[in-house]
Amino acid sequence: MAASAVCRAAGAGTRVLLRTRRSPALLRSSDLRGTATYAQALQSVPETQVSQLDNGLRVASEQSSQPTCTVGVWIDAGSRYESEKNNGAGYFVEHLAFKGTKNRPGNALEKEVESMGAHLNAYSTREHTAYYIKALSKDLPKAVELLADIVQNCSLEDSQIEKERDVILQELQENDTSMRDVVFNYLHATAFQGTPLAQSVEGPSENVRKLSRADLTEYLSRHYKAPRMVLAAAGGLEHRQLLDLAQKHFSGLSGTYDEDAVPTLSPCRFTGSQICHREDGLPLAHVAIAVEGPGWAHPDNVALQVANAIIGHYDCTYGGGAHLSSPLASIAATNKLCQSFQTFNICYADTGLLGAHFVCDHMSIDDMMFVLQGQWMRLCTSATESEVLRGKNLLRNALVSHLDGTTPVCEDIGRSLLTYGRRIPLAEWESRIAEVDARVVREVCSKYFYDQCPAVAGFGPIEQLPDYNRIRSGMFWLRF
């Protein structure tokens with residue numbers, strides 16, 4: 001009885017479906033039409049509003065209907081601006097920012113953030129430092145006040161400095177267990193040897209032990225200036241409100257320098273070279289290979305990002321095998337050449353690192369390197385329209401999905417104003433991506449990959465890592 005009832009229901013449903021398919025009224029119904037197109041969606045993204053205070057501080061925001069907001073300060077300060085003597089000072093200062101200010105000593109700062117139900121975070125890179133708070137939109141005034149206090153009134157008490165010194169030394173030991181972090185520090189050290197970009201963000205342990213209160217004070221007074229900062233916010237807020245709060249809490253921030261004290265970026269030359277740290281007791285080898293890439297604002301970056309999307313990424317835990325769309329991933333999975341690989345395009349103000357990092361068994365290093373370089377050469381000589389279209393769609397997806405939430409949007413605003421001088425709209429990114437075709441990919445890849453000297457870093461059981469001259473010979477093909 002139940003089965004026959006189901007059959008009758010299914011039959012009735014089919015007749016209704018057939019009738020509705022033939023109904024012109026239903027086809028004309030606005031409720032069933034497609035939603036906004038991709039291009040229309042890009043045009044509807046809220047505008048980023050930018051203002052500037054008299055002292056040079058830039059204030060930027062993107063308003064949305066969300067009940068939360070993220071607000072932060074992005075600063076042109078990082079290990080690239082440090083010398084060998086004070087390398088690690090910026091990272092040290094960032095740590096001290098969480099340990100109280102002159103107005104909120106001890107754990108008073110943490111308690112105030114927690115009482116709001118907010119999250120305070122910070123990070124440092126080779127060129128930038130950021131402090132940001134994610135909170136309810138109604139708590140924006142308090143969040144801006146806290147950020148201003150952190151940036152302008154960092155407590156540099158001797159007792160707190162000594163406590164944090166031990167914490168950072170412990171962190172350095174923990175960082176040495178992250179093979180990926182180690183190999184990328186090695187890659188920077190060999191690629192930019194003898195220049196500030198070779199320095200790690202955390203600095204060497206010798207510097208951590210020696211940095212004094214005077215060193216940290218000098219670093220703050222030199223780099224934490226209004227023209228080097230961006231106050232960025234995203235979420236449920238109004239730009240006028242943010243600008244008024246910035247005027248109230250940041251107008252006293254210094255915006256002038258002595259003539260000889262303006263921080264400048266010295267040129268960082270790229271050196272094709274190799275650094276190897278053999279450790280046979282480790283289970284897997286980590287290898288990174290990169291050529292010199294362009295800086296943030298270079299127009300070639302879009303085509304290179306498409307090329308990286310074509311090469312793709314792979315992790316053996318994801319599955320997929322031979323059916324993966326990336327030729328390199330398919331070969332790696334079918335022949336079990338590696339545990340994982342990923343491409344990267346690390347940009348700095350005037351240079352960058354463009355390459356790939358892979359993790360594999362010690363007996364597969366040679367084969368994985370050979371296949372990877374072969375894919376680069378193939379893009380230089382015979383990239384096809386179909387795979388370029390796939391790479392463009394992957395890049396579009398990554399570009400849009402990355403900006404999901406107030407924190408990623410806020411970070412994008414702050415970083416963009418420091419690197420580009422403006423926030424590039426998604427519609428403009430789309431037009432740049434649309435201009436890329438197979439010819440452009442071949443030309444740009446030939447410019448950066450073909451017959452170029454790479455930098456190579458290896459860590460772990462790397463006995464089978466090819467000699468540098470052999471790796472260099474893999475950067476061109478003797479084919480006609």
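Cβ coordinates come from backbone N, Cα and C, glycine included.
Marked as transit peptide by Swiss-Prot on the basis of experimental evidence: 1-34.
All protein chains considered, the CB of Lys111 (N6-acetyllysine) has 11 other CB atoms within 10 Å. For Lys111 (among others), the entry in Swiss-Prot reads N6-acetyllysine.
Long-range neighbours of Lys138 (N6-acetyllysine) (same chain, six or more residues apart, CB within less than 8 Å of its CB): none. What Swiss-Prot records for Lys138 (among others) is N6-acetyllysine, and it gives similarity to another entry as the kind of evidence.
Per Swiss-Prot, the feature N6-succinyllysine maps to Lys163; the stated evidence is similarity to another entry. Taking the Cβ of Lys163 (N6-succinyllysine) as centre and 10 Å as the limit, one finds 13 other Cβ atoms among all the protein chains shown.
What Swiss-Prot records for Lys163 (among others) is N6-acetyllysine, and it gives similarity to another entry as the kind of evidence.
The annotation phosphoserine is assigned in Swiss-Prot to Ser212 on the grounds of similarity to another entry. A C-beta separation below 8 Å, combined with a sequence spacing of at least six in one chain, links Ser212 (phosphoserine) to none of the other residues.
Swiss-Prot lists Lys248 (among others) with the feature N6-acetyllysine. The secondary structure of Lys248 (N6-acetyllysine), as reduced to three states from DSSP, is helical.
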Alpha-carbon distance [Lys248 (N6-acetyllysine); Lys111 (N6-acetyllysine)] in Å: 23
Pairwise Cα distance for Lys163 (N6-succinyllysine)/Lys248 (N6-acetyllysine) [Å, integer]: 33
Mapped DSSP class for Ser212 (phosphoserine), helix or strand or coil: coil
Coarse DSSP state, helix versus strand versus coil, of Lys163 (N6-succinyllysine): helix
